[in-house]
């Protein structure tokens, strides 16, 4: 009982002795709690205070009081904390996250002693923040770290599908923002806990490969578990090329992955760690590294963070003591009531939240140290690197995002481990047989490997491989890929890309929104649209005697027969009519004989002139003859009008024209059926369009029986040719142009409908998509894509006959050739008859004028060629112009006239 006051005075004396040293330095005790296996953290803690004490901080000297926890015992932790506070410590460091209780933070909050943490802790609630006001944590806040991972995965890596695998609740908290990318849509994001596969991790990797077909894996686990997990994943080809891993633990580099790294690890493995301050290039380097130097140089998170925690507290305490000009040691204890809180503790904690990293000495090991109002570190920089070869890649900062880090030349030259992930890759290119994109060579039996294929896609992939320096092999499937809305599954090229069985899909693959939800596309390598493929009927053989076709052959026969009958009837009736007998010379009042002009020649001339609508210079006089003539004129008028109308209709309707010239014409008629490839992008365009005409076309296509849809474009083209005008096929203009170039009986109807593009398809989030797009743009700028299209679309071996399509009012020379032939025949007949008449006249002249036939022919021919002479002499066969000759000529003419009169008299009698 009497010793109790003595003990109190003894404790007070010891506190004062600790505050004021022998040499007058102010000594500040600080406490730390470690677990028994945290030797590296303890050494870093001691090194930090050693460097701090070597500086002149207003004559401050920090004295460390360390306590150790053998096990995770909350009662023991409370007792150790109270012991440290009883020793007058100005701050308590730790313990690490192994502690299951926050009793240290609560006691520090009550006593006003700053509590500094350096390890991850789950986010505190609002009430917990009130109970931990004296706690500052220099480890990155899990929420801020989660946002950093979100930026890396979503913005930089552009992963759209991935599998999240975590081991601890803290690991799940680090991934919480990543889970919001697709709101836990199982089609894009899969979440797995390692604890569920603790018995056999092979089940996990088998599910990731065979069920998920996963190529993007985000793994958060302790470094000690990482080596075993990755070694097992090799057996399931998860470390093969085109696989991507992102390891989120900040101590991944300490897991020893370099020890197991070999040629089996061709996956792209990246991780993050705290970005340490770059060393001063002008600072003298140590020739001998101590154990502490090696620990801090290894960039292990906890030793570095406790170093920064010490620097942060020491500089904050120095600033507060300098401002107050005196150090007031704490006088707190864990007894009843705890006593009053240490007044300087709150100032030190506030200073730790506001101090600038430029004002601390020594400098922090990590970059960008900022503490928020709740004592959480929300600002920090992360280094993205490859843990297999320890190669820094980029740096993430909360303000500027991700920037590529320039590698130190010394580090670059010292990197002796080869990076197997960047070696030349072999791409599997999935495609299908479709002309002219992918075809077998005609003599493919003589080739092996990729050499037996040819086509636009083959040449395109070859040129891309030369630019990007990769190898490739083809995988052949059936079709581009159709979506089944019932099973919600794809087939064809799209299926292989979704399952990551192939890395590139190339064919006539149209970029659509539905396909983009399953795969990614590069920039387009070809622009196209939709149009109508139809059969081009060859024009009918044109008939040069088409002018005869308006009437049937029987009509023409009846017309000729009618003309002959009318001619004979006219002659007969005219001879019976006294009105048609007229004197030969109208000047003679009482002639001896009468003359009837309606002989066979004149009657036939009247019939022909009437039907040709040309009339005649002689007309009948008798009423019955005029009635007969009028009826013939009526018949001629009707026949001529009917012929003209039929000829015009026949010739214009026989022109080579199609009545379907657009999609509007196609949907307005019901004779020609039409369709497209079932499940293709063309069908999708019409089914999802809001345009009225396109919807009408889609509804008609669905209603045709038999169906208007085909399984392939090749089948559609064959159906157009087979049905010869009764079927039209809606297809993409590129394939249509190719088929029209090679088939003369095909043609395009109307213009282009819509605008579409072909692109290379790759799995979602493929990192090589950008390089493919850049290479395609380079080929386009060099004109290589244009050359490829000309090579495979223009067919120089097929020459189609060019048919001239004419307007409806235009007639060709072939159709009117018969008219010209009739004209030529008539002219030739007239010329021949004229020649015969000329020769007959020459013979008569020779007889009458008593000259030789040759002299008469010569004289008559010379006179006929003298076009300027308009009067013909009575005698032209002789050069003599004597009167005897003239009288002889006149006598000859009189004799012919006398003979003619005698003939007429005999006829009348």
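Any Cβ shown, glycine's included, is placed from N, Cα and C.
Remember, TrEMBL labels are computer predictions, not curated facts.
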| request: Would you mind telling me which of 511-532, 533-554, 555-576, 577-598 TrEMBL tags as transmembrane segment? | output: 555-576
| field | TrEMBL annotation of transmembrane segment - which of the ranges 797-818, 819-840, 841-862, 863-884 it falls on | value | 819-840
| Stretch carrying transmembrane segment according to TrEMBL (options 631-651, 652-672, 673-693, 694-714) | 631-651
| Mean per-residue pLDDT computed across the domain 'Ionotropic glutamate receptor C-terminal' (426-795) | 86
| note | Across the domain 'Ionotropic glutamate receptor L-glutamate and glycine-binding' (436-499), DSSP labelling yields 27 helix, 15 strand, 22 coil
